[in-house]
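*Asks:* Supplied in structure tokens, the structure appears directly below.
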Amino acid sequence: AFLCPAARVLLCVRVVCLRGVFAVRSSSKMKRGKKTEEAAAADGENDSGSASAKKPKKTKEPEAPILYEDPPDKMTSKDGRSANMKITSWNVDGLRAWVKKGGLDWVREEAPDVLCLQETKCAEKDLPAEITSMPEYPHKYWAVSDDKEGYSGVAMLSKTEPLKVTYGIGKEEHDKEGRVITAEFPTFFLVTAYVPNASRGLVRLDYRKTWDVDFQAYLTELDVQKPLVLCGDLNVAHQEIDLKNPKGNKKNAGFTPEEREGFSQLLAAGFVDSFRELYPEQANAYTFWTYMMNSRAKNVGWRLDYFLLSSSLVPGLCDSKIRNKAMGSDHCPITLHLAV
């Protein structure tokens, strides 16, 4: 249709006005949208920034080791008697090295009436003069391995002379390894023993089971004559409380069901674990730590060293100590206070 000039002008003005309106509205929307995006981006920066930014990994701090503090010595028995016999037992893991590490200095401070040592690994001809000439212990007894030099071996050093001293348990297959010394005193027998280890891969487990039966029979025969104290490295952690990692060691030497049962049978025969008698719930109390993996500092250990008593001696039990601060071996010494 034909439009006059005036109408054309009016139409152009309307179109321009409409464009302006749309432009303003569009611009307003864009601004609002931009602000919304910016706000979302700002919020997202806080959220996604905290989520996406890599947090420094929290390094798990190693657990502080739970150590055992040996309490003050109790010098009175349950029946009111004062301790008059002090016995110390220590697996020295090589007598000559132990002497060089100052083991005898500690012994002089502890000053037991009788000192029992296990795993001396030393032929009698090679014994260090520092120990053979000790005036504090004029009565010294040594058992060594006949088969292998530098293997096994036990010793007993006493301030007073025993009535009688014997070696072994009367069975050749066991006695050739120098594992037992028995001293008879007026009111009791003292037996020190280094019990055979079932060894890596449990290659000696069957032998160990035979030993347990024969050794129990030997102790029972003694007990008929006179009550006894058995001390030494018995190479078994009896219960789960007696080692740091029971779950991982059930198939390892020292914690197999067979070895633990052998110890249970010994207790059932009338002998008492003196430490557990006094401290039945005490955990983290160990006497052996492997040299590997800083085990001693972490207190990842085993209780392998014991004083067992005939039940008739228990009323005179004063204290059973774990001297875990004494160094010089992969075992620490243990001390018994007894009223006899």
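Using the three backbone atoms N, Cα and C, a Cβ is placed for every residue, glycine included.
Predicted, not measured: the structure shown is a model, and the values here were computed from it.
Feature list, courtesy of TrEMBL:
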type: ACT_SITE; residues: Tyr194; note: active site
type: ACT_SITE; residues: Asp233; note: active site, proton donor/acceptor
type: ACT_SITE; residues: His331; note: active site, proton acceptor
type: REGION; residues: 32-81; note: region 'Disordered'
type: SIGNAL; residues: 1-23; note: signal peptide
type: SITE; residues: Asn235; note: site 'Transition state stabilizer'
*Asks:* On a count of neighbouring CB atoms within 10 A, which of the recorded positions Asp233, Asn235, His331 is highest?
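*Replies:* The largest 10 Å Cβ neighbour count belongs to Asp233.
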*Asks:* Between the Cα atoms of Tyr194 (active site) and His331 (active site, proton acceptor), what distance do you get, rounded to the nearest Å?
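*Replies:* Cα-Cα, rounded: 13 Å.
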*Asks:* Cα distance, Asp233 (active site, proton donor/acceptor) to the residue listed as 'active site, proton acceptor', nearest Å?
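*Replies:* It is 9 Å, counting Cα to Cα.
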